Amino acid sequence: MRAWVVVIVLTELLLCFFWASESQTLLTCHPRDLEALRGFISNLKPKPDDWLLNDDCCSWTGITCNKSDNNRVTKLELGNKKLSGKLSESSLQNLDQITTIELGHNNLSGPIWEEFGNLKKLHVFDLKWNALSGSIPSSLSGMTSLEVLDLSNNRLSGSIPASLQKLTFLSKFSVAGNNLSGRIPSGGQFQTFPNSSFEFNDLCGEHRLPCSEDGVNGTTTLIIHSRRRSRGAEIGMAVGIAFGSVFLLTLLALVVLHARRRSGEVDPEMEEESMNRKDLEEMGSKLVVLFQDSDKDLSFDDLLDSTNNFDQANIIGCGGFGLVYKAMLPDGSKVAIKRLSGDCGQIEREFKAEVETLSRAQHPNLVLLQGFSFYKTDRLLIYSYMENGSLDYWLHERSDGPALLDWKTRLRIAQGAARGLYYLHEACDPHILHRDIKSSNILLDENFDSHLADFGLARLMSPYETHVSTDLVGTLGYIPPEYGQASVATFKGDVYSFGVVLLELLTDKRPVDMCKPKGGRDLISWVVRMKSEGRASEVFDPFIHGKVNEEEMFRVLEVACLCLSHNPKQRPTTEQLVSWLDDV
């Protein structure tokens, strides 16, 4: 009998051990994120059923994880779930990789905590239609990547913090339907937001909402929408406006009919010609915004003249985002004008905000964005002109190009491009992912110094779909392997693409060459195979391979191979890249 008891106990212990091991195997949620989400949901009800069933938060309702980054949580979307309770003070701030928090249309209460400002990677912060109270924390300006901030229809009081003017990526903002008062900030993006973003508060602002100054006590009152207006007054005003509108429309119709009887019908062709002429006049007078030389007057018409109406003869580049034209401005200076193709997915204020942010990225190894113009469907970016074109042209297009690029020049090009990429990743505020590092986006000036081009254009062309999505970003041969399993672009993805460029500099071969036999089409696979066979020296371009340069070239080859590691964590940072290449 005792033997059977021992067997049963041992069996139960084994089952418990197996279950625990199996649970550990199935657990994919990052422990830090799991703890944060548990803290968040602890004060709320009703809790989503699957949040209680297991510890794998990546499988929970409303949660999205990035599998290529240790299953870190990137999205929390629990809008319209009838959640009630107070937001936890410190839980969500620990989700340091999160890009989206969408909790609208619930019954959440309590304040918006200062700690939310620590979420540096957040793009969307949506808390509309809840019962949140207190003031808007000035610390939200710390969300430097924020694009959408919707706090409308809550019970927030106080004023709009002036610090929110620092949110240069902000394209959608609303605090409508709260108890806010005071002046609306006039800097940053605030001049571009419509009245509806601020209505039903006691707010006013110089750019959109007129204020009247009380001469007695100096208080400021709003001329339009106020929550304190009685329902009867609103109905009376609406009826009055309706009758007045009908009367004016009737009067206008009579005037038009009378005019047509006297002068006859307008010729449709003349009317169309008049409209076209008006459009052309408006287009010609449309000013170009220049960041570096704001005193210079430049019109859209000047850009048309400088490119001969965007004649094909002036095309100097072609890429996924549009054509690039060489232009000679009226003052004699040369610039490159990129005419963006397709629908940018942005209205004018969003486009302007994005471009102004990119213009602040200034470094000796970046192509300087000098200005832009926005007219109807035309979006033009004005860049400094690079006299010697692209690295791709010298390596792969010009027949004598490789011979003219000696090893010292190629090494200097790599070092400069690495410094430009380091600036984008680490020194620029906010940090910028390039998303399309390739030899055709490394431009060379008259001294063959390198400059990164097209940084930030993936986000500019489609801000919501491609800010983290990689579906339309990158070029064949440069795309890191992890982009096939996840929809999130990363800094280590840029490093991988840079490694491919290093191989191009060393070998003078394209990343993918469909004209070659199957075994030699892919540059990376070919280099790896040659290294494994002990034939690494055979991959180098004969124009630069020599005993004097061989040691330096092998060191750069090792750096390239580290950049091309399949595991993103094993790739170097851009700071390490700069250090290693400078030490060659």
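Cβ coordinates are placed from backbone N, Cα and C, and glycine is handled just like the others.
Going by TrEMBL, these are the annotated features:
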| type | residues | note |
| --- | --- | --- |
| BINDING | LYS338 | ATP binding site |
| DOMAIN | 310-581 | domain 'Protein kinase' |
| SIGNAL | 1-23 | signal peptide |
| TRANSMEM | 235-257 | transmembrane segment |
Inset, instruction - Under 8 Å Cβ to Cβ from the residue listed as 'ATP binding site', same chain, six or more residues apart: give me those in sequence order, or none if nothing qualifies. - result: GLY317, PHE321, GLY322, LEU323, VAL324, TYR325, LEU380, LEU381, TYR383
Inset, instruction - Using DSSP with the three-state reduction, classify LYS338 (ATP binding site) as helix, strand or coil. - result: strand
Inset, instruction - Compute the average pLDDT of the predicted model within the domain 'Protein kinase' (310-581). - result: 85
